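Residues or ranges marked as domain 'FMN hydroxy acid dehydrogenase' by TrEMBL: A:5-351. Per TrEMBL, glyoxylate binding site is recorded for A:31, A:135, A:249, A:252. The FMN binding site annotation in TrEMBL covers A:84-86, A:113, A:133, A:161, A:225, A:247, A:280-284, A:303-304. Among the features that TrEMBL reports, active site, proton acceptor is placed at A:249.
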């Protein structure tokens, strides 16, 4: 990708549409696009979906693929949500409000990051079905307050990020981009308290008991994000989780963590249908979504594609990206003879 | 390949002969050469044949390899047919007439596409053994009329394309090339009816019951093209198919569909000799053909090589390409100690 | 790497810090960086760590990773030692004194090469926990004298290099760099004897009986370096070794020897906890160290990174490189949910 | 390789010595260096040796590796022979006389091609232990006469090429190089008969009965060259062969034939020690030789390296190349702890 352009990644666009974003700061782009360590996992995520091959059916009479799905009580046009990512305000003046509006317009879910550029309440007002992502801050009371506020504002679920006991340093330098400082400033403004950087940094002592605590405060289902192991999935469910999100934080935390497409089947087997299993990391096309669903995911989340679409086209860009993803998924389903996302179809993958 | 040249792909030419086609429209070339999605399957098809290795025999006394074969009642000089592809008139003024003539001259089969540039009857007059490819149009009566006309004109079999409930968008832009419009115009002229685009587009509701319906109307054997799965092969035979063609539409329908060389063995095993199994996709040399036969195919089809040869040399070019392919196959057979294509020789593949 | 620069290889540096060493002789750089044969093993060593993937845990409550470890009686800040390499004086005027000082400052171990640029006693005075590496010279008495001197000077263990019955020629020409001559000159000066090149060259007749002989002379534990096979590990322990170091001499002896990451598990299984198993070769980041420990190594050694750090920054450079490595390891442990290096954690590797 | 240079391929030379041969005709170079088809097998041969990894022993006390071996009654300095290749006169005025002299000087075997540039008797006078390669010509009497002449001149064995029922076309054009014509001219001169091209071309009807016929005429052991299959090895031994040579004709006959390193183990297992198994194809270094021996070969043959050395340095060049190969082998053996080539050492390969 050239230094100042974003493109929608779609199969349908022929050729793929490229939108130049002349005003985008290279440091912001590197902050959003980069990963930790040697960016091994960042690259591996995308590749792991692409190596899978389909064994499509012929002459099935599937006229229209049903992509609609119910997820934790919400009806979605497709099993796709916008993943929680920090500071949408860096790429668009309306920040998360625009992203949430785009997701709602496309009938997809939206997960708001704790590190939002915009107050929770403002986003909630613009959103369709949305969830709130949280991590354990050292100031536990503040953590719980935020979750309670999200619940009050209408969040339908809480997503607890489990893979970030500390924030891993990133590979690429991003001069002038300081998400921790922006986060701290936002929380000071929100609370009127003289919070310190330590108060709001990740609390590595957090364990699975936090799952039930969050659920109690919010009165909402809690999903754990960052699960890459079968035993951890079981631990989280045992501790009260309503679902798990297979994720390696988009290659931004432990570099060389297994690609999510490779971790997914083990987690699906461990959960055994007892709760929703979602997945993110490197999903860029409808074919990627179809692979994820075939491997047993109930839904997927897309992070960087949403940021790119937001940067390129605001709320409309986000909606368009998500609709394209849904159309690509529907097309791939029809071509593969898969009638609906609501029933398992593991055999659509070759071998 | 440079933008305006085609070459015959042969082992024997040393170096491979390159024929410049200065007048070929880049959009036409991209229409013929391109694929859907990210063109993963397009590339995978060729590669999957090339990775296989031979374990040739020594001192067998095989003096001449017998490539002749009977296929559905026709005697072919080699188990090779020209695959159905659309609109040969785009690359040569004589269109499918020239292609059919070239195939006949080389003693190979020809499969005429529904999307022919030239009336069925004109092609039939020029052809040797030929089959007619059809897909289910929304106007079912028209579909059956075309098949009946093909049967009347002397087609020896019907090939029902099963992998195209809808036409997948292609990767490369092809400004000015509109196969659907050309197809519609041709059918309007043929029928004298005011057909709409919807009438002649693919009917995704078509199921395997269409196999027997086509057979009844045509009084001909029906092969299903696009089969990539063992269970689908069995379904098609149960529904009356006289054979199956393992194909992913040359990488033009579901991208990331399994390469045909990888799908072939499972289909062969499922069919178990009960009917012919053909294969296409990425076959470019006689060595590719030998691999396909060793994996259990009864014959192969070549699509893009025929279009390239047609563009470069008309009917003579097509004949020359097919003869070269036959010679390459015969040479590889002699070198491998395989006396004839009519008996299985799976052990010529290493491991 | 450009011809006259070294860089610290770290995950944390973002971007990785590059230090130009304008005065470094290219022949010295090639002597340190190169390998034998076609440098297949040199390259394979690094790659073999990087292909492994982690399956990190979530929500473990691991607040701080314990990297401290006891190794053969010494307390190390991390299970990391500087590997024995020849002639540090080529890259820094203080030679091994600076390296040893840097290792001590970082709390890591140091293994002094027989081919030291500086007298053993001077290095000993500067070092923290240190071991002495020796190979069997044809002058056996001299060999034993050196080991005895090292023991007297405070070495905590002897490392017997077992993979060098003769010195393999290197791939890259290094005009003006003659380690054998430098070594001979140093030993002549030390002993006052008129030693010949043959006296001090490798004695290929050396067998495992030398292990006990060295142990007796030194009164110290003896580890064998260069072990790549399970049966050799058992042979060495049976012959009195106190531990083994899985190594292929950094790709400088038998080219195409198996990468150490691939040899390690078999050796670990053969040793079965009866003695420490260390490993070197291609370890460049804390993630590499974590892989090695997960595969069962008790500690790792780094050679070229220490030389690069010494060239770039002297003792401070070495200390900084080692501290960075320790920090990277600790970070990866926290992110993976591994609380301490002292207990096995094989399941942190995916599959 | 640049267009007019040859280099000795050695591990020991550091850097590898490159000898420019300004007068070498590019068509000759392409004739010698090229292969058939798409040159897949040509490339695969070299790669298949290089991917294997060694598991060397430590502290074995092996002081000097014994590379000497007895092969079919001859004592060789190393288990290495010059493979039969056509028309050495193209690259050196003394042709096969120089090659044979070089091989003798190095203590290695020499296999003279039927397509020799020089009369058999002249080569015999210059050679050490040598064998005569023959293929079945359509003029069978002539075939037998040549073999008888070779036997009379002192050949110690006959090598029957079994993989060439017809000569495969080569990939690269070689204008002005016509080996068949040169061969015909040589045989006309030798016999004084008005032979035709057909008389001396390959006879594809030849079977394994030719093995005993050649043995009877020559009174010599007959080895079959080109064996890539276990069942063929058994067939040849049953038909009287004294040994087999695993070969794919250096990638010049059936392209995509399995690499010899991959075919070797199956042949070795089938022969089970009942006769010598030799191998050629892509062997370029002593490490390659060690892999071949570890996989069970009794000896190896090198073709292109001999032609390159002949072009670069005549008889001395050939001797030097072979000595280097022997030295590389001996070095690798000492480093791996392999004392002699006369006893099996399969476990020196990792896994």
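If you go along the chain as it appears here, the first residue is 1 and each next one adds 1.
Keep in mind that glycine also has a Cβ here, set from the backbone N, Cα and C atoms.
Predicted, not measured: the structure shown is a model, and the values here were computed from it.
Considering only the binding-site residues A:31, A:249, A:252, residue A:133 (FMN binding site) has A:249 as its nearest partner by CA-CA distance.
Restricting the binding-site residues A:31, A:135, A:249 to those with a CA within 10 Å of the CA of residue A:280 (FMN binding site) leaves A:249, listed by sequence position. In the three-state DSSP assignment, the secondary structure recorded for residue A:282 (FMN binding site) is coil.
Every protein chain shown contributes to the tally, and the Cβ of residue A:304 (FMN binding site) ends up with 21 other Cβ atoms within 10 Å. According to DSSP, residue A:304 (FMN binding site) sits within a helical segment. Rounded to a whole number, the distance between the Cα atoms of residue A:284 (FMN binding site) and residue A:249 (glyoxylate binding site) is 15 Å. When every Cα pair among A:31, A:135, A:249, A:252 is compared, the largest distance found for this glyoxylate site is 20 Å. Cα-Cα distance from residue A:86 (FMN binding site) to residue A:252 (glyoxylate binding site): 12 Å (rounded to the nearest whole number). For the pair formed by residue A:252 (glyoxylate binding site) and residue A:225 (FMN binding site), distance between Cα atoms is given as 13 Å, rounded to the nearest Å. Sequence-distant neighbours of residue A:282 (FMN binding site) (same chain, 6+ residues apart, CB-CB distance under 8 A): A:44, A:45, A:46, A:47, A:48, A:49, A:250, A:259, A:260, A:261, A:288.
With every protein chain in view, the residue among the binding-site residues A:249, A:280 whose Cβ has the most Cβ partners within 10 Å turns out to be A:280. A mean pLDDT of 93 is what the model gives for the domain 'FMN hydroxy acid dehydrogenase' (A:5-351). Cα spacing between residue A:84 (FMN binding site) and residue A:135 (glyoxylate binding site): 11 Å, rounded to the nearest whole number. Here the CA atom of residue A:284 (FMN binding site) lies 26 Å from the CA atom of residue A:135 (glyoxylate binding site). For the pair residue A:284 (FMN binding site) and residue A:31 (glyoxylate binding site), the C-alpha distance works out to 19 angstrom. The Cβ of residue A:31 (glyoxylate binding site) lies under 8 Å from the Cβ of A:90, A:170, A:172, A:174, A:177, A:179, each of these being in the same chain and 6 or more residues away along the sequence. Cβ environment of residue A:225 (FMN binding site): A:84, A:133, A:159, A:160, A:161, A:162, A:163, A:244, A:245, A:247 lie under 8 Å away, each six or more residues apart in the same chain.
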